[in-house]
Every structure is written in structure tokens, then in C-alpha cells.
Amino acid sequence: MKGHHESNIMYVFFSLLSAWTVFLNLLVIISISHFKKLHTPTNLIILSLAVADMLVGLIVMPVDAIKLIETCWYFGDTFCDVFMIIMGLLISTSICNLVLIAVDRYVAVCHPLLYPQKITMTKTLISICLCWFFSSTYNIGYLVSVIRFPWIFTDLFFSFLLPCTLIITLYLRIFYVAHQQVKVLNSLMKSGKCVTEGSVRRKSESKAALTLGIIVTVYLLCYIPYYILYVTATTVISSAAMTFLIWTLYVNSGLNPLIYALFYRWIKISVKHILTFKIFEPASSLIDIFTDY
């Protein structure tokens, strides 16, 4: 049983962590939704990931914090089931979004001429909707499943091994191709030859792939230990270790917007417009966020 003072400190800490996660991801959501120049397939997937991250801060963090601090569940059996579905849904959707990001960057870097035809806003939107739908169906199925032990290994394959293998394979190919492109571009620049607009665009795509690759890497660093321990939790791992890894996964939801801010100039500009209320000005959605200073 925790002391009253200790409980208050924990409530304040987790409340700030939850508010931080919601606020930062809300800025990303408003930025991509408001500015038309940001309406691209890649940003649409980032928007979906930000929605999942925001819901982690809005729903999952507060409820799990109360359970952690009070050491018991006050919300009844029905909400316990609903909460498990929501938590599983958001974790599954996040990893699914990371697969979509990897596919998007793979086509952009490795097959740039095919990108406009293969990756469209409509196709991306359909993919995101299917991602949320199948994640919901999957986690509801997991909850109502009577046979638990075999399902753990099914879950291990579909929610962990398969998506992680796809992501790692695609990014290895992306970074290999990007490295080759940068070598060619640097060689052209050193020889004094003209660098085409296409070459510059490919370098830009490679940089975008690197940024999103960092997001994927950070997520996997949090996700892989959690899932390994999830499979062995019943026999090997202490509840304290499991709690720590679960919260590491939650904290990752608040880190993604910071990574965007570090590597994407447009997020800094759009956030400045939001915080100074310039988004309420007429035609503010038409601002070229990439050239505005």
C-alpha cells in the first residue's frame, strides 16, 4: 500500500505525462489536418500514428496509472474487457502504421518513378482504415478466445514477428538504395556535373526515410523487449519488469512528436502557426508550410 504523499506525487507525474502525450500528438494531428500542403500519403500515415499515440495518452495512460497507483481495479469487469481491447487495438494499430510507413518509404526510395501511381491518397486512406478495422477485429477475437496458450503464439507471429520482419527487411533495402543514391549524387557534385531536380528529390526522399526509420527503430526498441516478456510473463518475468516495459511502450507515444520536431522543419512552422492562433486567419490552410518563415 502506497502512502498518501507518494500517491499524490505519482498522480501528478502520470497526469503530466498523459497531458504531454495528448498535447504533442494533438499538435501533429492539427498540423497535418489543417495545412493542405501536408496532405500527402506519408503524412496521412503519420496522422494515423499520431491519433493512436494521442489515444494512448488520453485513455490508456490515465486508466493504467490509476491501476498502478491504487494496486486494484475499480472500473468493473466490463470496462476491464473494453480497456484490454483498446490497449491491444492501439498497440496493434501502431505497429501496422509502421509497416505502412516502411512500405511507403520503400516505394518512394527504391521505385520513385512508380510512387505517384502506386501510393495515392485514396489507397493510403483505404490501407489505414483496413489497419484500424483488422486491429479491432483481431483484439476482440483475442479477448473472446477461450484457448489462451496457442493464441499467444498466434499473437506473437501476427502482431510481432511478421510486421517486424517486414519492417526490418524493407528498411535494410531502403538504406542500401539510399546509400547508393547519395554516393552517386556526391560523385556528380565532386565532378562538377549538373545535379538534376530528380537527384535532389531522391536525396530528400532518403532523408525522409531516415527520419521515419528513426521513429521505427525507437518504437521497435520499446516494442521488442515488451513482446518477448509478454510471451514469457507467466513463468519467468516479474510484474514490476512487465509494468516498466509497458510504460516504456506508452512513453514512446509521447516521443514521436519530438522526433518529428527534430527532423521535420514543417512541424516547427506549423506548431508556431497553431500556438500563435494564425490557423484561424482566412486561407491559413493554403500557406506553403515548406517555404514559410
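Just so you know, glycine gets a Cβ as well, placed from its N, Cα and C.
Since this is a predicted model, take the numbers as computed values, not measurements.
For reference, TrEMBL has these:
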type	residues	note
DOMAIN	24-260	domain 'G-protein coupled receptors family 1 profile'
TRANSMEM	12-32	transmembrane segment
TRANSMEM	44-63	transmembrane segment
TRANSMEM	83-103	transmembrane segment
TRANSMEM	124-144	transmembrane segment
TRANSMEM	156-176	transmembrane segment
TRANSMEM	208-228	transmembrane segment
TRANSMEM	240-263	transmembrane segment
Residues of the parent chain within Cβ reach of the transmembrane segment (44-63), under 8 Å, 6 or more residues beyond its termini: 14-15, 17-22, 25-26, 28-29, 32-33, 75, 83, 86-87, 90, 93-94, 97-98, 100-101, 104, 121, 124-125, 128, 131-132, 250, 253-254, 256-257, 260
The transmembrane segment (240-263) vs the transmembrane segment (124-144): 3 or more CB pairs under 8 Å: no
The transmembrane segment (156-176) vs the transmembrane segment (83-103): 3 or more CB pairs under 8 Å: yes
Confidence summary for the domain 'G-protein coupled receptors family 1 profile' (24-260), mean pLDDT rounded: 82
